[in-house]
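Trainee: Input: one structure, supplied below.
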Amino acid sequence: MARAVAWAALGIDLFDSQLVGALALLDGHVVQMGTGEGKTVTGAVAAAGYALQGRSVQLFSVNDYLARRDAEWMSPFYRGFGVGVGWIGEGEERERRRAAYAADVTYVPVTEAGFDVLRDRFRTEPEDVELFVQDVVIVDEADAVLIDEASTPLVLAGGGTGGVSQREAAQLVRTLVPGVDYEVDADGRNVALTDRGVDGVEAALGGVNLFDAAGHDHLTTINVALHAQALLHRDVDYIVRDGRIQLVNASRGRIARLQRWPDGLHAAVEAKEDLESSTVSEILDSITIQALVGRYRTVCGMSGTALPVAEQLADRYGVRTGEVGPHRPVIREDLPDRAYPDAPSQLRAALEYIVAEHRSGRPLLVGTGSVAQSEQVAEELGRCGLDAVVLNAKNDADEAAIIARAGEHGRITISTQMAGRGTDIRLGGADGSDAERVIAAGGLCVVGIGRYDSRRLDDQLRGRAGRQGDPGTSVFFTSLDDDLVRRHLPGFSPSLRKAYDSPFTTDTATELVDHAQRLAEGLQHRSHRNTLAFSEVPTEQRLAVLRLRTAVLSAERDDLLLNGEARTAVDALLGRHRIHASVREISLHHLDQYWIEHLDMLTAAREGIHLRSLARDNPLDEYNRIAYRAFEGFAGRVTDAIAATLTHAAARGTLDPEPLGLRRPSTTWTYMVIEDPFGSPEQRFGNLLLNAFRPAGPES
Ligand SMILES: Nc1ncnc2c1ncn2[C@@H]1O[C@H](COP(=O)(O)OP(=O)(O)OP(=O)(O)O)[C@@H](O)[C@H]1O
């Protein structure tokens, strides 16, 4: 039936591979299918199948643009089955949001689904709750969402602004001289004031002692400002646009609009760039993507690169992963890496290669590691008289339009990792009209400059070429100056290497790059596991609080948190056995407030835990102990606070929350946190030790 409907509704004759893929999704698997194999329609077949079984389906896309595009593109197909479809984007009105969630199948960016869960947790009227069913989720780009971003917290925040002294700190560190007042480690993850720097800062602050108790706050602010100044680089780690800091996602090298660093650091970077502070005073709640997905009864998904993370997917979500072979065999030629001793020779060689390949009219897609690098490559190509289209900081729809043209004859497109993902590159332009000429020239040629943090990301770039049996080539140009090597094998930094004068060969260099990549993969894996381990107890506690909250919101249990004292107050105000909406609001206010404070305490505990644990046992155990202890008697404290407010209310004869001093945040907003860009405190401590004991090179 799917085949007949797809043909009639979309003019697409489904391949067997797509039907097999859809069956696997219907069986609750993650499916690996190559780029351009038609995963969108495969997902739609499965979604319609689930919907026809009476299940409620959400399709997680990676951004607004794709949610809308896929929903609109597939809607005739769903109509053919009598299945309703909706989509959700950022900033959507409540009413439209509700209607879209009520459809049988909903396309929604994963972040929006998470933010809606968080917003729902803070509703005070039962009828306001969005109540979307978390039944089946089909995750597009499953490895990126379910693994790479699994531990990213989505955050709901509310409250005012602050952070004046950040500005002074930023001005002060700007006057410090690198190498004299402060020193940055070789791997660029740590910075510390020298003795001279400490003296200078203390004098500038009017003679405080940074290292006694009174100076401690100053020291923290200065340190964060110094991190922002020395370790985070404009146009590499972030860009400034429309008066705001926008993070560049390191693993994808593209702008991540909704992301922030932890608050203090974010504010420090804003101060560094002289921007207005957007500091948040209160985090209302947060949820990781893994916890969000874990709420669905059935999880399945698709991706071009899922097999390498099959084990992790099984571990974390209990799903099995399999591969559906391509409709036509892949004939793309993946050339061995070309390795160079340093960045200049690497860039020169890559440029020569690009110029040579361009002569035949072959379209080229150049993958770079950062926004700055993509601009540099474009500039250099310009010097060679070649025009290139640079794909970075654009919005998703523009990116898609540009990437769709990347297969045109003679076109050079420079992209950061994953820019324009989800959009197919057809040979001979978006309509494929010039395909023959481009095929004759050898198809799309993908050139990677520097390898990424995982083999999977490299493969995603390679996979842009050779879709559906097209000809194509991929090749990576690497060097020992690559960020990957610098960060993970700091001992091989160019200066040290020159000092040792080690002979350079392509084989050893490639081995080193491979090794650095494996270290990066391992580190990422470990740090994800670590983040998740630390979120287990808070997640459990959150569930307990949410259960209470839901009960209070329901008409039958709205007096759940009222003790004897509170009941007496309510009876005095309202008469026996009556509960007013305001009583519920007061209950929820205190419940939420205590939860926010508890979360705050947990965050502080987590930040300090690595220092505290140095002398003691396992930091995770210690953290869990603190978390359990702090949560003991939680409900009792909430109940007491509610009783106190109600007694006060009875004395004043009003339940109006304003005069009772209960105010909920008037605005809320949402964002994602990139946890510690310099590595976990553990890693940094490890680096510190490593650097302290590193043997001095012959230079010194
Ligand atoms: N059975 C089919 N016959 C012909 N064309 C198809 C078929 N299935 C999909 N296509 C076309 O292939 C192109 C790629 O589809 P789609 O974007 O879904 O690929 P994808 O697998 O999601 O790729 P990516 O990995 O880039 O996201 C689309 O233009 C679509 O119309």
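For all residues, glycine too, the Cβ spot is worked out from N, Cα and C.
Caution: TrEMBL annotation is automatic and unverified by curators.
Bear in mind that the values here come from a model prediction, so they are computed numbers and not experimental data.
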Trainee: Can you tell which of Asp424, Asp431, Asp434 TrEMBL lists as binding ATP with Gln18, Gly36, Glu37, Gly38, Lys39, Thr40?
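Mentor: Checking Asp424, Asp431, Asp434 against TrEMBL: the ATP site match is Asp424.
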Trainee: Please name the residue among the binding-site residues Glu37, Asp424 whose C-beta has the most neighbouring C-beta atoms within 10 angstroms.
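Mentor: Comparing the binding-site residues Glu37, Asp424, the most crowded Cβ belongs to Glu37.
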Trainee: Need the DSSP three-state call for Gln18 (ATP binding site) to compare against my parser.
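Mentor: Helix, per DSSP.
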Trainee: Quick one: mean pLDDT on the domain 'Helicase ATP-binding' (20-180)?
Mentor: 87
Trainee: Around the ATP site formed by Gln18, Gly36, Glu37, Gly38, Lys39, Thr40, Asp424, list the extra residues of the same chain whose Cβ is within 8 Å of the site's Cβ centroid.
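Mentor: Filtered neighbour residues, in order: Met33, Thr35, Val41, Thr42.
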Trainee: Tell me the Cβ neighbour count for Gly36 (ATP binding site), meaning other Cβ atoms within 10 Å of its Cβ, over all protein chains shown.
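Mentor: Taking all protein chains shown, Gly36 (ATP binding site) has 21 Cβ neighbours within 10 Å.
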Trainee: Taking Gly38, Lys39 as the binding-site residues to compare, which has the smallest set of other Cβ atoms within 10 Å?
Mentor: Gly38
Trainee: Using all protein chains in view, find how many other C-beta atoms are within 10 Å of the C-beta of Gln18 (ATP binding site).
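Mentor: Gln18 (ATP binding site): 26 neighbouring Cβ atoms within 10 Å.
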